[in-house]
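Novice: Feature table excerpt (TrEMBL):
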| type | residues | note |
| --- | --- | --- |
| REPEAT | 139-180 | repeat 'NHL' |
| REPEAT | 210-248 | repeat 'NHL' |
| REPEAT | 255-295 | repeat 'NHL' |
| REPEAT | 357-394 | repeat 'NHL' |
Amino acid sequence: MILLDPIHIENRCVTYQVWYAKNYTFSALYHSVNPLRLPAMPLKNTTLLIMPVILATTLSCSFRNIDITTHDVPELTKQSELVSKGVLPTQTQAPTGAGSGVDIDSQGNIFFLHRSGYGFNNNTLIDKDVVTVYSPVSHEIIGNWGANQFKSPHGITIDDNDHVWITDIKLNKVYQFDPSGKLLKTFGQNYPFYMEACLKVRNLLKNLPCGQNEYTFARPTDVEVFSDGSFVVSDGYRNSRIVKFAQDGTFQWEVSKLGKADSEFYLPHDLAKDADDNIYVADRRNARIQIFSNQGEWKRTLNFPELGRPYGLDISKDNYLYVADGGDSYEFESGEQRSQILKLTLEGDIVDRYSDFGQSLGKLDLPHDIAVNDLGRIFVAEVKNNRLQFFDQRID
């Protein structure tokens, strides 16, 4: 057995040549602006040997940590027109779990995606149902499904044909179901053997290239589907891209770069589309919304203090953009525990803001996704409160 001493890396690039059995080879450049200490690693010389090579100090390294954007969100200046009307599940219904996603089918049925008591980084298949379907009128449960199919379900989308699309950030797949939960299609190639380790390191070294192809997802967060069956995936926690596929899963285009400039992302977290098939991207850690054509061309960016940190998006039938702001507590230990709902025009003008943090009726704790039905009722999936809360808009 070979024992490598701890290695200290500070403001320089290091190449790790990793030789695996059967002549597999993987190499990558590593860089950290802040010191990074790698622990001592016991390695069997018959299976794995890691040789660190310190590159010359003249080597220019382009990898950089990206600062998380934070807005100084102003206080509300007027009373919101939104009124909480209740939560699901009700006290007489079975509890769910952390609210992750919500969408509405053509009949008005509400599909609530939750984690059924399991955590974000769960590593085993959840043995309970994770999709609960509620009647649009009575809010009675009319369906439950999804047991033993997911590890960490994240985003849910219902297309024009009432197919239900769900992303899983641990299985790194995008799934298409019929409304009853029958699996129709699976998208996303399995990782090569080295990929997970590389992606974990890339959590610290943001621009580390891990050699993925266009068909491999790394914690995909959401889907939007066009009328011709083609679809866009936001991908996601470990990638920094949106990627479009044809109906059969053939790659069409991607916008894929980590950063803060236009057409760059730092955690694309949710998607919405308007009547012209423009794609709206909740660029979470950049605290903004970017808009693209359905060909991947950047059109404009919404970025202003009131926006907070967009987690979830939806566009209503009457062409308003609704935003769930989940606050900053998941980005920083001392981040603001803020929860907002915003109603915007598609140009970004503020129509309404609702903000009230907490656990009781009318308060929100980490709103993760949002959906609006044809009558203007707003449904918000809450992570911390383990529920789906719904709001109506006052009509004078």
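Including glycine, each Cβ sits where the backbone N, Cα and C put it.
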Novice: Per DSSP, what is the helix/strand/coil residue tally across the repeat 'NHL' (139-180)?
Specialist: 0 helix, 21 strand, 21 coil
Novice: Checking distant contacts: for the repeat 'NHL' (357-394), what same-chain residues at least six beyond its ends satisfy Cβ-Cβ under 8 A?
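Specialist: Contacts with the repeat 'NHL' (357-394): 81-89, 95-104, 108, 110, 112-114, 134, 136, 155-156, 270, 311-318, 320, 322-327, 329-330, 337-341.
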Novice: With a Cβ cut-off under 8 Å, give me the same-chain residues at least six positions beyond the ends of the repeat 'NHL' (255-295) that come close to it.
Specialist: 66-71, 155, 157, 206-207, 221-224, 226-227, 232, 234-237, 239-244, 301-303, 307-315, 319, 321, 323, 326, 331, 346, 348, 369
Novice: Sort the residues of the repeat 'NHL' (255-295) into helix, strand and coil with DSSP and give the three counts.
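Specialist: Looking at the repeat 'NHL' (255-295) with DSSP, the answer is 3 helix, 20 strand, 18 coil.
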